[in-house]
Amino acid sequence: MENAHAKTAEECLAFFGVNESVGLSGEQVRRALEKYGHNELPAEEGKTIWELVVEQFEDLLVRILLLAACISFVLAWFEEGEETITAFVEPFVILLILIANAVVGVWQERNAENAIEALKEYEPEMGKVYRADRKAVQRIKARDLVPGDIAEVAVGDKVPADIRIISIKSTTLRVDQSILTGESVSVIKHTEPVPDPRAVNQDKKNMLFSGTNIGAGKAVGIVVATGVNTEIGKIRDEMAATEQDKTPLQQKLDEFGEQLSKVISLICVAVWLINIGHFNDPVHGGSWIRGAIYYFKIAVALAVAAIPEGLPAVITTCLALGTRRMAKKNAIVRSLPSVETLGCTSVICSDKTGTLTTNQMSVCKMFIVDKVEGDVCSLNEFSITGSTYAPEGDVLKNEKHIKAGQHDGLVELATICALCNDSSLDYNEAKGIYEKVGEATETALTCLVEKMNVFNTDVRSLSKVERANACNSVIKQLMKKEFTLEFSRDRKSMSVYCSPAKASRAAVGNKMFVKGAPEGVIDRCNYVRVGTTRVPLTPAVKEKILAVIKEWGTGRDTLRCLALATRDTPPKMEDMMLVDSTKFAEYETDLTFVGCVGMLDPPRKEVMGSIRLCRDAGIRVIMITGDNKGTAIAICRRIGIFTEDEEVSGRAYTGREFDDLPPAEQREACRRACCFARVEPTHKSKIVEFLQSFDEITAMTGDGVNDAPALKKAEIGIAMGSGTAVAKTASEMVLADDNFSTIVAAVEEGRAIYNNMKQFIRYLISSNVGEVVCIFLTAALGLPEALIPVQLLWVNLVTDGLPATALGFNPPDLDIMDKPPRSPKEPLISGWLFFRYLAIGGYVGAATVGAAAWWFLYAEDGPSLTYHQLTHFMQCTHHNAEFEGVDCDIFESPVPMTMALSVLVTIEMCNALNSLSENQSLLRMPPWVNIWLVGSICLSMSLHFVILYVDPLPMIFKLTHLDLAHWLVVLRISFPVILLDEALKFVARNYLEA
């Protein structure tokens, strides 16, 4: 049923053709079940394991590697002699890498538990209904409820469907609907229609929403929506419709993979075509097919060389290390790629309650009447320090510390706060903090009494548990609470009836203490308390009091004010009819006004500094809250989102004002605004969508079920540690301490991680460029193989992988939070950097080929060939006069290959040092600024020595031992790469950046 909240109870009953006292007939239930289905949320269709596995192989680079492995495997079958084992190593290793990558990918996907499944926990098991087949109320499975059912709910129940209240069977009906609307206090419900068809859920005071909890009272209503048609069901549908976009890094790597695969394919084909003339060379036994297969193997080697196989593992390791560092700062990252996304966050949309504020109501101001002379009235105003539930803080008057017990008015004010109160403080020893037991507003009053300590109770020797309610206990020993007149909407107040606890104090007599909304309470006051006496409340005095309350409620602070009053001579207890709540207002008359307290949910201490940091870092902070606009703007001013006297028109909107704008203006509003008040969850999703249309990278905080769709839609969904399971499972990050400052620390960490990732991605890519150049040169010049695929795999995975991982530990730049967020469209490798890595890669390739050629041409233990002989080695036979005196087996020697591999590994280690900083010289940033890098270089070189000198590894890798003379040549060829990169950095620093 649409807009049930705007209809009368009678209209709702007529719509479903049902009688409140009888309920639906069996036939009506059957028809409704056919029409609306069962009252449950459909389960999410998950992907099968097979679908997840196939997904892992959709990446182009992975497919090229898979093809290379299959081809190598087929070619290995046709190998002869002792090379058979070596031939099988390569496809086996490639397959192992692919399987490991797929396992990690599938495991990560399976681990991201489904937020839609978590919604199920809000579905109650049972419901209570009236139906025509039974005279009394009956319990049925909640899934069998249908629209039109007459349902009953009572304190402690979970609401089983969306229900329009028909009648309330208790004084009040309080509902905790925080999971759905984010309201921090329970809401009082009524039965009258809400005439606004566009009312937000917070304003639908005659509706009960599925999954929310009844805090107090009992009611009967008619079910108006079940299953996916409930408010919680709409959230489920919105989440199911939200597609998860790829993170900026994933998009970059995908683009890079596509470009790389095209380049690889071109080079492989080129190498094969260049050598068509060599297919018939004698070395292939004159067989054109064997020659074609030989060069096909070289093309496969090229593919293996060009793909940085170690990259996925290094990225995962770097992100995992980043998540550990973030966890230490209370930011628990649930999805690894989002660590990097945090680095480009340009807008943070933050909830107010609990994130920017403490979510611990505290009284910060109060006043009592000092003097009344005729129509002139002067007030004593006090301020109170301390912004949490901890009973620590001072009472100040004109910025000076005072003892509250010296003011009679404050003693009575503290008495009312302690007795007219059903809440208390509790010290949580596990967390080491004070927490509320009961309503936030009342707990603030309990805390105020502790700070005031009007009877000078000695609290120094008490434990924290005893300290929680020490001063309240003293007051409660003086007066005994007989009964409570519950809060009701019509009078907007509550009261307690108290009698003196001891016979000695009988002279005081019984009292009624009242607290409530100032207008309602003051209207029922006839007197004002001045010291220990009372004087009549004249219109002028009343006006003065209300003026101060209005100023407190609308000024910079927008405090929530409560008036406190006493009825000095209440009726006798036996004369009061407590069963009839309509009489309560009558008993709360002839009151004496005692004072007023102003409270607020105070901003967290560290938030102002964090917002300043965001501004310096070019990040816009938008506050989104369910509170009213005045309060929202006041908090924005207090924490620095708006300055004290900044004009906020066009920069702050309520949900209703936002809805009234045409779509183009809504989009523009999202570009300018920094504050949205009185919003619904759908607004949050809309705001995220509009921000994304400006290419903003948005972080969105939330804690309720209602926030889940927006959390899922934003690039970075941030759930509160104290939030619901649904919010947590829909988010990328959870704040263990619910603190806004933690988000800013996480953004800083994300920026540092991205900078380091850029360094190691570039390091690995320049290494691969070197390997490609090496193989291309050997094929193009007709030289013997310098490197084979199994060696390339070893270098890509192990030797390069360790320093690349260590580059993830580079210290962050000092000015990292002084720069604007990087654009998600910024390329991973710019034109200049591409040139740099081509230059470095070109040197790496040429040096590797040069090392192998050096042994053939110039080494003392080498064959001392001519350049012509080396480049035409395929024509070497005993009958060829050009190769007279040359043993053709020399071209199979492992020494030149070992030289080439050793030069490649040593150059890569030098290159890792170059990658400490993008443009800083090694003289400014010496290697020991990242001790992990120094350690990983030592480990990589040690592993290289292992495959050279520990049998049987040299046989598997087709290598041999090198002597000192060889190593000196390796170092001479490798070291210049540092000088080359220093020259390129110098150009970048002095000519490009300038």
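Placement of Cβ uses the backbone N, Cα and C atoms for every residue, glycine included.
Topology check against Swiss-Prot: LEU953 and ALA988 carry distinct topological domain names and occupy opposite sides of the membrane. Per Swiss-Prot, ATP is bound by THR353, GLU442, ARG489, ARG560, THR625, GLY626, ASP627, ARG678, LYS684, ASN706; the candidate from LYS328, LYS329, LYS403, LYS515 named for the same site is LYS515. Of the residues ASP695, ASP703, ASP737, Swiss-Prot places ASP703 in the same Mg(2+) site as ASP351, THR353.
Among the candidates GLU657, GLU908, GLU918, the residue that Swiss-Prot names alongside ASN768, GLU771, THR799, ASP800 for the Ca(2+) 2 site is GLU908. The region 'Interaction with PLN' annotation in Swiss-Prot falls on one of the ranges 74-94, 410-430, 788-808, namely 788-808. The record in Swiss-Prot pairs CYS876 in a disulfide bond with CYS888, which is drawn from CYS888, CYS910. Considering only the binding-site residues VAL304, ILE307, ASP703, GLU771, ASP800, no residue lies within 10 A of ARG560 (ATP binding site) on a C-alpha to C-alpha basis. Using the rule of three or more Cβ pairs under 8 Å, pairs at least 6 apart in sequence, the transmembrane segment (965-985) is in contact with the transmembrane segment (829-851).
Tertiary proximity for the topological domain 'Cytoplasmic' (918-930) is limited to same-chain residues at least six positions away from its ends with a CB under 8 Å from its CB atoms, namely 755, 758-759, 806-807, 809-811, 978, 982, 985-986, 988-989, 993.
Every protein chain considered, the tally of other Cβ atoms within 10 Å of the Cβ of VAL304 (Ca(2+) 1 binding site) stands at 28. Here the C-alpha separation of ASN796 (Ca(2+) 1 binding site) and ASN768 (Ca(2+) 2 binding site) works out to 8 Å. Fewest Cβ neighbours within 10 Å among the binding-site residues ARG489, ARG560, ARG678: this applies to ARG489.
In this structure, the CA atom of CYS876 (disulfide bond) is 35 Å away from the CA atom of THR799 (Ca(2+) 2 binding site). Summarising the environment of ASP703 (Mg(2+) binding site), the number of other Cβ atoms within 10 Å of its Cβ, over all protein chains shown, is 30. Residues in the topological domain 'Cytoplasmic' (809-828) partition by DSSP class (helix H, G, I; strand E, B; coil) as 0 helix, 0 strand, 20 coil. Checking the binding-site residues (ARG489, GLY626, ARG678, ASN768, GLU771) against ASP351 (Mg(2+) binding site) with a 10 Å Cα-Cα cut-off leaves GLY626. When Cβ-Cβ distances below 8 Å are used as the criterion, the transmembrane segment (931-949) is approached by residues 794, 798-800, 802-803, 805-807, 809-810, 898, 901-902, 905-906, 908-909, 912-913, 916, 957, 959-962 of the same chain, each at least six residues removed from its ends.
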